C-alpha cells in the first residue's frame, strides 16, 4: 500500500532516511543500486531543467515547480522543489526514487507551503498533458490484453498520436508537443506552449471534452462512441480520413477481431438494421472461416444485392464510419488532462515493471518507433561498462573487484554526463533539441512583450 508523505518537513524526511525506514523495497525489475547508477550517469538532468525552466538562468518555472518522488517502498513524497538541476539530482541520488513526477508551478515555493497562508498558495501553470493507455483498447485488440503489448497492437497508439498531433497543431495552434513513451503500454503528450501551460481547469476540461469521442460501454463489450451528429465536425472528418487509411491493416488484418462467432456478433451489434444483421449472420454460418476483412466487405455486398429494403446505403455508410471511429479513434484518460494540479511521470524515468526508459519520441519517427526495442536501464549500464573498457584499453569491468569510485569514473568518462555513448543518445539529443526550440520561442515572446511596453 502506498504511503503518502506529503506533509513532512525536511527535518522529518532526514530522520526517516537516517532510521532506514525507506528500506524494504518491493522486489521489482530494477534494484536501488541500478537506479542510483542510472541517475548518476545517464539521466539528462540538465536538459530536464532547461525544458521546465525555459532558459539557462533559474526562474520560478523551475524553482517553484512541484516534484513528487515514489520511493522504493512505495512511500510517496509530494511538494518537493529544487533551486537547480544539481539539487534535483542530489536528492534523487539520496532518496533513489523508483520514479518521480512533475507537477505545476506554484505561486510560492512548494517547500514553504506550511509557512504561508493557504489562500496564497495555488498552482499557476503546468503543461497541458494527455495520456493514452493500451489497456483501454482491450475490447478491440485480440493479440494482447492488460499490461501486455506487441508489434500488432502498438499501431493503435501510433495512429492515435497522428490524429491528436494534427489536431493540437491545426485546431489549437500548439507548436511544442513532447510525446513520451510511458515505459510499458502507453504514451504521454506534454503540450509545452506558454498559452497551454497557462490554461485554467475549465479550459483544460473543454479541450479534453472536445477530444473525447470513445466512451465506456455499461453493458460491456466493445466501447461506444458519443452520439455524433452529421455532418461530422471538421476535426472528426479529418480524423476519419486518417483512420480509414489504417483501418484495414491495423484492425481487419492484424487484429482480425470478427473472425470468431463471438467476434462477429460484436460487429453485428454495431449495425443499425436487424434485417441486415440477420442476413450477414446466415451468410457467415455457412462460411464460418471468413476473415474480418471479408466480413467487412460482406456488409456492402449484401446491401448491394437489394435483398435488404429496410435501410438505405447512406445509413450503413454512416454506421461503418462510426465503427472505424469506435475501433481506432484515440482513447484518452481525460482525468489526466482536466486539472492544473495533476502530476505526471517525468520523461526519462524508468518503468519499474519493464526496466524500460520513458523516452521522448520524435513525431517524425513515430511510425518506426517500437516500444519493445526501447533500451532498459540494465542494457544502458552494460553499454556504459563496455564503452568504458574500450576507452580505457580493456580496463576493469563491472565483474572485477574494482571500487565503486573506479567504476563510476570509468562510466563517467565514457558517458560524458548524459549517456551519449549509449543507445539512449538519440532520445537525449532529441529532448535537448526540443528544449532548445521551446526556450528560443519563450525568449522571443518575452522580447516581443517587452518591446510593446515602451
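Note: Cβ is positioned from N, Cα and C throughout, glycine not excepted.
What you see is a predicted model, and the numbers here were worked out from it, not measured in a lab.
Which of 349-384, 385-420 counts as region 'Disordered' depends on Swiss-Prot, and there it is 385-420. Residue ranges 132-142, 143-153, 154-164, 165-175 are listed, and Swiss-Prot annotates 143-153 among them as motif 'Zinc knuckle motif'. Residue pair residue 185 (ribonucleoside 5'-triphosphate binding site) / residue 131 (active site) shows a Cα separation of 11 Å.
By the criterion of other Cβ atoms within 10 Å of the residue's own Cβ, the least surrounded of the binding-site residues 185, 342 is 342. Among the recorded positions listed (66, 183, 187, 342, 344), 187 has its Cα nearest to the Cα of residue 131 (active site). Between the recorded positions 66, 133, 66 has the most other Cβ atoms inside 10 Å of its own Cβ, all protein chains included. Each residue contributes its Cα atom, and for residue 183 (ribonucleoside 5'-triphosphate binding site) and residue 66 (active site) those atoms are 22 Å apart. Our reading of the ribonucleoside 5'-triphosphate binding annotation (131, 132, 133, 182, 183, 184, 185, 186, 187, 188, 342, 343, 344, 345) yields a largest Cα to Cα distance of 21 angstrom. Restricting the recorded positions 66, 342, 344 to those with a CA within 10 Å of the CA of residue 133 (Mn(2+) 1 binding site) leaves an empty set.
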